[in-house]
Amino acid sequence: MSDSSPLKVAVTGAAGQIGYSLLFRLASGALGDRPIELRLLEIEPALKALEGVVMELDDCAFPTLAGVEIGHEADKIFDGVNLALLVGARPRTKGMERGDLLEANGAIFTAQGKALNSVAADDVRIGVTGNPANTNALIAMTNAPDIPKERFSALTRLDHNRAISQLAAKTGASVTDIKKMTIWGNHSATQYPDLFHAEVNGKNAAETVNDQDWLENDFIPTVAKRGAAIIEARGSSSAASAASATIDAARDWLHGSAADDWVSMAVVSDGSYGVPEGLIYSFPVITKNGDWEIVQGLEIDDFSRSRMEATANELIEERDAVKELGLI
Ligand code: NAD
Ligand code: LMR
């Protein structure tokens, strides 16, 4: 496919909160100058609202928007897509644990994995934002045996961005001064945002901060529980920031991460850092030409190791739960 042909991008849950922010940024060129064709999947009752969103997309007259198709049948909407952003899922509401979402969302991601397997383009990349994102990605991946496993990823870029922002505030640095942030593990409260390999203006972040109490009792819980704090404050889950992170992740995946930096992506584990093979676990990765590679050789101390294992254990429990439900 030549680069002037439109990039076909599927977005599921397109009539939802995240969709309302995501679609306009995709359509206005956030992934580059290449024209984009949007394929929007929703459940039938939400199609009318989605028609309204499409009217608004039309009214923006975006030069990069080559077309929009909407529907409720995954086999039609995913036909020939190069990028699928799986956002549609039931969001966590006040007082609800992420584990409660496994069953509710499992069925969605089995069906969508199967549909992608049959009709997506050969070069498809699939990013899962809908929660529980890591395990939803595992379900979709397992149900799409003909798509290489490396083409699936779950979103931890929002956590990565949150961690950068917290560190910038603590050190007085600007966000662009911060490099090599890592989120390890699950997009959940067990995630481990790692300052021991991050840098502020080229210097080790943990040494720069030099405040283990802040690192342990402020930074890590603030980042890990930020989603819940936003739900508590807004009454609904993060939307614009989640859309922004979904774009950051897709852009870097397709076009590559910066030469002096890496990004966090939840991808299938190859056993690196002792993470059980096959789990969808967030690692530091370098992206290039549409592929990712886990950053190797980082030294892991006992503090980091125990947190990396705790979040892996949660993912193992989630995997076992969906296995029990027959979803993988
Ligand atoms: P929302 O409820 O506003 O929108 C979800 C949309 O998905 C709804 O319009 C719904 O009709 C649709 N949907 C449900 N089942 C579907 C299906 N089978 N096919 C297609 N569409 C379907 O929710 P939101 O605020 O946009 O959040 C979407 C998801 O993203 C939630 O799971 C939320 O928890 C998650 N999220 C993830 C992150 C992250 O960093 N990974 C951050 C924020 C939110
Ligand atoms: C977030 O991180 O904002 C979302 O995943 C919301 C949640 O359910 O924690």
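Note: Cβ is positioned from N, Cα and C throughout, glycine not excepted.
Those TrEMBL annotations? Automatic predictions, nothing curated.
Here's what TrEMBL has on this protein:
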DOMAIN    8-150  domain 'Lactate/malate dehydrogenase N-terminal'
BINDING   GLY13, ALA14, ALA15, GLY16, GLN17, ILE18, GLY19, ASN105, GLN112, THR129, GLY130, ASN131  NAD(+) binding site
BINDING   ARG92, ARG98, ASN131, ARG162  substrate binding site
DOMAIN    156-323  domain 'Lactate/malate dehydrogenase C-terminal'
ACT_SITE  HIS187  active site, proton acceptor
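Long-range neighbours of GLY130 (NAD(+) binding site) (same chain, six or more residues apart, CB within less than 8 Å of its CB): THR12, GLY13, LEU86, VAL87, GLY88, ALA89, ASN105, ILE108, PHE109, ASN136. A helical conformation is recorded for GLN112 (NAD(+) binding site) in the three-state DSSP classification. Note on the recorded positions ARG162, HIS187: the fewest other CB atoms within 10 A surround the CB of ARG162. For GLY19 (NAD(+) binding site), applying a Cβ distance below 8 Å and a minimum sequence separation of six or more within one chain yields VAL11, GLY13, LEU40, VAL53, VAL87, GLY88, ALA243. Put simply, the two farthest-apart Cα atoms among GLY13, ALA14, ALA15, GLY16, GLN17, ILE18, GLY19, ASN105, GLN112, THR129, GLY130, ASN131, the recorded binders of NAD(+), are 20 Å from each other.
The recorded positions close to ASN131 (substrate binding site), defined as a CA atom within 10 A of its CA, are HIS187 out of ALA15, GLN17, GLN112, HIS187.
Sparsest Cβ environment among the binding-site residues GLN17, ASN131 (other Cβ atoms counted within 10 Å): GLN17. The Cβ neighbour count for GLN112 (NAD(+) binding site), using a 10 Å radius and every protein chain shown, is 27.
A C-beta separation below 8 Å, combined with a sequence spacing of at least six in one chain, links ALA15 (NAD(+) binding site) to LEU40, GLU42, ALA46, LEU47, ALA49, LEU50, VAL53. Over the domain 'Lactate/malate dehydrogenase N-terminal' (8-150) the predicted model carries a mean pLDDT of 94. Its Cβ placed at the centre, GLY13 (NAD(+) binding site) has 25 other Cβ atoms within 10 Å.
A straight line from the CA of GLN17 (NAD(+) binding site) to the CA of HIS187 (active site, proton acceptor) spans 19 Å. Among the binding-site residues listed (GLY19, GLN112, GLY130, ASN131, ARG162), ASN131 have a CB atom closer than 6 Å to some atom of ligand 2, in sequence order.
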